[in-house]
Each structure stands twice: as structure tokens, then as C-alpha cells.
Amino acid sequence: MPLHIPAEFVEKYNKPGPRYTSYPTVPAWEQEFGEPEYREALTELNDRPADELAIYLHLPFCAKACHYCGCNMLVTREKGAVEQYLDRVEQELERVTSIIGTGRKVAQFHWGGGTPNYLNEEETDRALNMFRGAFDINADAEVSLEIDPRIATPEQTLSLKQAGFNRISMGVQDFDQRTQKAIGRNQSREKTLKIYQSCRDAGFEGVNVDLVYGLPGQTVESFTDTLKGIIELQPDRVACFSYAHVPWVRPNQELVDTTIMLTGYDKFQLFMLTVDMFQEGDYSWIGIDHFAKKSDELSVALENRALHRNFMGYATKPAPHMLAFGMSGIGDVCDRFVQNDADFGGWSDGIDAGGLPIVKGHKLSADDKLRRFAILNLMCNLELPWSLTEEAYGAPANELLADSLKALPPLIEDGLATMDEGGIRITAKGRYFVRNVAMILDAYLGKGKGKPIFSKTV
Ligand SMILES: C[S@@+](CC[C@H](N)C(=O)[O-])C[C@H]1O[C@@H](n2cnc3c(N)ncnc32)[C@H](O)[C@@H]1O
Ligand code: SF4
């Protein structure tokens, strides 16, 4: 039964806040955390040889910049740019394996971007072989990448599958031509469908789609048409991101025509529509903005309250550590978060100087770990049973987090959550504002460390 949430209510909770892809969130990390601290984390990892790893490789190249893009991407006409980039990734890899050794087991290997399928077949093979030489990628590992269907061909998707990728996710954003024009992304429905079908024919285990709501030109009618078209395709998973308009960080967004862009409650209605249509279309709503077919393992994990997430997305059994390679990559190693330089020049210079170009990071304290556990549980599994913390943290969550929980009653009164002797549960209405509930457990907000780069609910 679709839920109607009135405008005044949305306004009340439309506060800037993190999306909690990590806790503590990036603005709370320290710039004093650099290469020596990363090396220390890698040395500790070397002492835990049985722990499995997740690997992220950032490939920033794109054929052309989309006006709306908020990713760390790069458009270059320079010949040999990919080759030079891979040379540097290779050096980064050698520096990491000189500490942790080669042959570590990998359960998850993801290529993000930019546009990983910008690489030609030879470059793709080179990158894959580099990592296969350094790690032991499990036979049942998730090996995934993001592609731009506009530059893909059915031959390429088949060759990616044959090369060993088993999950693929493609950027669609919106089928509507007016919106595509307004975001500088001309992508015919026919081409998208052709590439989607080629991924199915190639036999990928997961074929996923990215959409964005709140883009210029979108209306309830036009987005309904896009959602219908996507639900007909039945991708395994869909991410429907809220358009983040941050031209001061991404100057390419100056080209976005904001005069035809829905904002505030109008934008929120696009999201309510998305939730209703996917739920009617037999998808489960995962986390803030993801949807998975009811049969998908993410939906089953949500049913069993066993959903997790890391920087690469939602997962059923995430590896305990994540190593990131390439500019802007974010890793999570032995309770330290680490971020590579997001600037192409900065990252390249750092590698050329013989180092590991870490620009910030954070070592989690015992309190951080407890709050991370509680927040991620609320965000993924929509509940925080008190007893969950007993084994790992020695006491029920309501005792350990008693101070923060004093802020919960007004949210309960507003119907966002319930609390009883067993724990906290997010309500159907609270699903839309789960970040607001999680924020009460965030020890860094309002302490001057969480700079306001966060987005609002809509
Ligand atoms: C790396 S891209 C996906 C692959 C490929 N580059 C493409 O665009 O098809 C990652 C996704 O981030 C999302 N995205 C990009 N810019 C965004 C923004 N400003 N706000 C919200 N989502 C955005 C889009 O859904 C996009 O598909
Ligand atoms: S949306 Fe994708 S293709 Fe467009 S500029 Fe961003 S990363 Fe590149």
C-alpha cells in the first residue's frame, strides 16, 4: 500500500546528513593520516593472512563528461593515458604486495569509475592479469564492473564476461530525451536495451542498472515512463540515486539547467514514486536508494536481517578488509579508513615519487566501532536489537549508547521508529528518513569535524 508523506513532514526532516557509506564519515577523517599510517595498517594485515579481501580499482576515464556527473572522472585526448595509468596502478600494487605478500584470497573485486569499459580489450586483460598475479581471486568471487552502455558493444560485454567478470552494472539515469539533453548525455533507449540484452545473453549472474532522480527535465510523468521501462527489463538490482547538485565541487555541473529541475517536495515525490513502482514490480527496497529482485541474495539477506554494506555497496558477506587502487580509491584495512588522492595529478605524482598517495584516513576507536556497527545495522537491516552488541561489545546497545538514545523519543513520536525491550525498529515511514535516525548515534556531527558537504534527504 503506497504511503503518502505530506510536504511539511518532509521539510521537517530534510536536513543535511551523511549517507553512512562509512562511519565515521569522510569529513571526520584526518588529513594527518597518510602513507606511514597506511603502511602500518598493511603490516597488521600481513599478520592476519587468513582474512579475505575485497579489492576496488578506480578507472577514471570517460569518453565525454556528462553535465550532471558527480564522479571522480577524467576526459583526456592524450595518447597512451590508460597505459600510463595502468603502469602507475601496477606500481601501487607492487608497493602494497611488498608488505602483504602475493596470493591473498579475494572474495570481491570491483572496477568503478569513470567508465571502466573505456579500456579496450588489451588494457582490460592487462589490468585483470595484474591483479590475478598479485592475488588469489576465489573461484566464487564477485567480479564486477560499471559500464557506460553508450560506448559498449555486444562484443565487448561478451568479452568482459569471458574475461571473468560475473556482475555488470550500467548507467542509464533516465530514458527521457529532454532530460538526457539537459544532462549532456545522449543515450538512445534502443542502445541501452541492446547492451542490456547482450549482458543477459553473455550470461552475467547479475545485470544491474543505475538511475538518478531529480535531474533537470524530469517530471512525474516522464520518470514514470523510465521506471516502467526499467521494471519491464527486470534487472537484478537498481540503484536510484538522488541527484547531487554540487557545482562548487564539480564545475561541469554549471552546465546543468537548474530552472527545469524539481527540488524539495517535488523531488521527494519522484522518489516516493520510485519506491512504490519498484515494490509493486516485485523488488525489495534495499538501504536508502537501492532495489533488488525479491529472489536476489540482497533481498533474502534483508529478510534475514543479515545485510551489510561497504564502500562498494550492499553485500551479504563482505570481506573484512578492502584495498583500493587508483586515484580517489577508498580502502578499509584493519580498522583504518584510507583515501587515495582524488586529484589525478596528485595521485600520479605521489606514485611517481615512489610512495602510496594517501591524503586522509582514520583509525577507528572502540567507540567508533560500536557506533559503526549500530548505524550500519539500522541503515541496512532497519533495526538495532539491543542484544546484538552483547557478544562483540560486552553489553546491550541501549546501555552502551544510552546518552545518544536520549535524542530518539521525538523521532519515535513522529513515527520514524519504535523502541521496546528488544531494541529499535525503523517504521515504514521511517524508511525514508533512516539517515535522520542514524544521525542521533553519530558522535562527530555538530562537533566542527563534519563539514556540511552532506546532502539533504531530497
Ligand atoms: C561511474 S558512473 C557509472 C558508469 C558510467 N560512467 C556511466 O555513467 O554510465 C556511476 C553512477 O553514479 C551516478 N551519478 C553520477 N553523477 C551523479 C550525481 N551528480 N548525483 C547522483 N548520482 C550520480 C550515476 O547513476 C552513474 O551511473
Ligand atoms: S556519468 Fe559516467 S560517463 Fe558520465 S561523466 Fe560521469 S562517470 Fe563519465
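Cβ atoms here come from the backbone N, Cα and C positions, even for glycine.
Nobody curates TrEMBL annotations by hand; they come from automatic prediction.
Owing to the predicted nature of the structure, the values given are computational and were not obtained by experimental measurement.
Taken from TrEMBL, the feature S-adenosyl-L-methionine 1 binding site applies to Y56, G113, E146, I330. Within 10 Å of the C-beta of Y56 (S-adenosyl-L-methionine 1 binding site) we count 21 further C-beta atoms, all protein chains included.
For the recorded site, C69 ([4Fe-4S] cluster binding site), the DSSP three-state label reads coil. For C62, C66, C69, the entry in TrEMBL reads [4Fe-4S] cluster binding site.
Under the DSSP three-state reduction, R185 (S-adenosyl-L-methionine 2 binding site) is assigned to coil, being neither helix nor strand. Summarising the annotation, TrEMBL assigns S-adenosyl-L-methionine 2 binding site to Y68, C69, G70, G114, T115, Q173, R185, D210, A244.
The feature domain 'Radical SAM core' is assigned by TrEMBL to 45-282.
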Checklist entry - What mean pLDDT score does the domain 'Radical SAM core' (45-282) have in the model? => result 97
Next on the checklist: I want the residues beyond Y56, G113, E146, I330 whose C-beta is within 8 angstroms of the mean position of the S-adenosyl-L-methionine 1 site's C-beta atoms, in chain order.
Outcome noted: L57, H58, L59, H110, W111, G112, G114, M312, A324, G326, G329
Item to check | Residue among binding-site residues Y56, C62, G113, E146 with Cα closest to the Cα of R185 (S-adenosyl-L-methionine 2 binding site) | outcome: C62
Checklist entry - Rounded to the nearest angstrom, how far is the Cα of E146 (S-adenosyl-L-methionine 1 binding site) from the Cα of T115 (S-adenosyl-L-methionine 2 binding site)? => result 7
Item to check | Euclidean distance between Cα atoms of Y56 (S-adenosyl-L-methionine 1 binding site) and Y68 (S-adenosyl-L-methionine 2 binding site), Å | outcome: 24
Item to check | Cα distance (Å, whole number) from I330 (S-adenosyl-L-methionine 1 binding site) to C69 ([4Fe-4S] cluster binding site) | outcome: 19
Item to check | Among C62, Y68, C69, I330, the binding-site residues whose C-beta sits under 6 Å from ligand 2 | outcome: C62, C69
Checklist outcome for this item: CB < 6 Å to ligand 1, subset of binding-site residues G113, E146, R185, seq order -> G113, E146
